[in-house]
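Chemist: As annotated by Swiss-Prot, active site, nucleophile applies to 50, with the evidence given as sequence analysis. If you look up Swiss-Prot, you'll see 49, 50, 51, 52, 109, 114, 115, 116, 120 marked as substrate binding site. Sequence annotations record features per position, and here Swiss-Prot assigns NADP(+) binding site to 189, 190, 191, 192, 193, 194. What Swiss-Prot lists as site 'Important for activity' is 99.
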């Protein structure tokens, strides 16, 4: 049994190709049912997100399994293989396992360390188990992959550093204020990044939001969304006295707030820090405000600089994460290789147990005077002998199982020397008459 993986992602395929291969939940369910009917695949999991579509499968012949998955993509998406084969990546064995673990640990994501991918993979696994397309091999793979991702999150700082403008703004605010629980936010203007920054601040328990906009109707709508208070642009200066964090994104041709505007409220603020996040281009906030005591202005370039430094930090943490991934690849491979020897070990155990039971019955029949205590002693003695006899063959099989080229020979030799292919083994074993 081996693991194969075939797929495409943001690194290998443009968005127009990726969107052709995306599976929604209904399509994924139908796709899994189709995968279950492919004889070359023993088990399968379909992973589909906005940035990747991949199929991990267990199969007896890796090359046949890979070809079957390529054909599945071509048939289900009605696209000739030659139109997309150059966009596919193909892994087998340890490389396939490593890829699954790296994806779950967010080492293969567009944004290194982003947390969403693990939840998406758990959902993919849930759909596969629901469709009954997984068994012992992929169940073990996915559980180990989730454990690996959890260790990466716990033992490294790969997700600790903000790598988006909105998160970087929150990170800076926390450095200035510490806890944000009593801090008030003033949003001037609108825009996706500014609104996301407000959402993140509220998620960190900021005390409330004032919303000012060029049109008061828009301010009312945004305030309702954030459960805040709408104000008119003319009221912004007055609210500088009570706000702690100013987020501005108006797109106005000149500064919305100048140094003189802030200087007017310094006495009323009693030296409390004021943090400005200027996401507008051209800028809304006069950079000269930085020269005022306890006033901090960060524009889009400053925030990007924070992100660049944080990406470097995540890259350093990724080195530690890769080590955790590689460690778990080895552990999974050891388990998978041992899987092939289990039937032989079970057959050997059944044969020896049948011999033990038969010889016990014959011997005890010749000593009818033996009491229950004596029977238990003989039971323990014979069981101990069987366990000791089994020890060396099991260790031999496990050692041989690590060498792929010798595995079949080792298993065949063991079955021959113990005559395990004899249909009279196990429960039907009959000892030779003396």
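In case you wondered, yes, glycine gets a Cβ from its N, Cα and C as well.
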Chemist: Which residue, of the binding-site residues 189, 191, has its CB surrounded by the fewest other CB atoms within 10 A?
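Modeler: Among the binding-site residues 189, 191, the sparsest Cβ neighbourhood within 10 Å belongs to 191.
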Chemist: Where the distance is taken from Cα to Cα, which of the recorded positions 50, 99, 191, 193 turns out closest to residue 115 (substrate binding site)?
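Modeler: Answer for the nearest of the recorded positions: 50.
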Chemist: Out of 50, 190, 193, 194, which of the recorded positions has the smallest number of neighbouring Cβ atoms within 10 Å?
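Modeler: Counting other Cβ atoms within 10 Å of each of the recorded positions 50, 190, 193, 194 gives the minimum at 50.
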Chemist: Between residue 120 (substrate binding site) and residue 194 (NADP(+) binding site), how far is it from one CA atom to the other, in Å?
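Modeler: Checking the Cα atoms of residue 120 (substrate binding site) and residue 194 (NADP(+) binding site) gives a distance of 27 Å.
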Chemist: Could you state, as a whole number of Å, the largest distance between Cα atoms of any two of 49, 50, 51, 52, 109, 114, 115, 116, 120, the listed substrate binders?
Modeler: 15
Chemist: Setting 49, 50, 51, 52, 109, 114, 115, 116, 120 aside, what same-chain residues sit with their Cβ within 8 Å of the center of the Cβ atoms that define the substrate site, listed in sequence order?
Modeler: 106, 110, 117
Chemist: Cβ within 8 Å of the NADP(+) site centroid (189, 190, 191, 192, 193, 194 excluded): which residues?
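Modeler: For the NADP(+) site the neighbour list reads 195, 196, 249, 279.
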Chemist: In DSSP terms, helix, strand or coil for residue 189 (NADP(+) binding site)?
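Modeler: DSSP assigns residue 189 (NADP(+) binding site) to strand.
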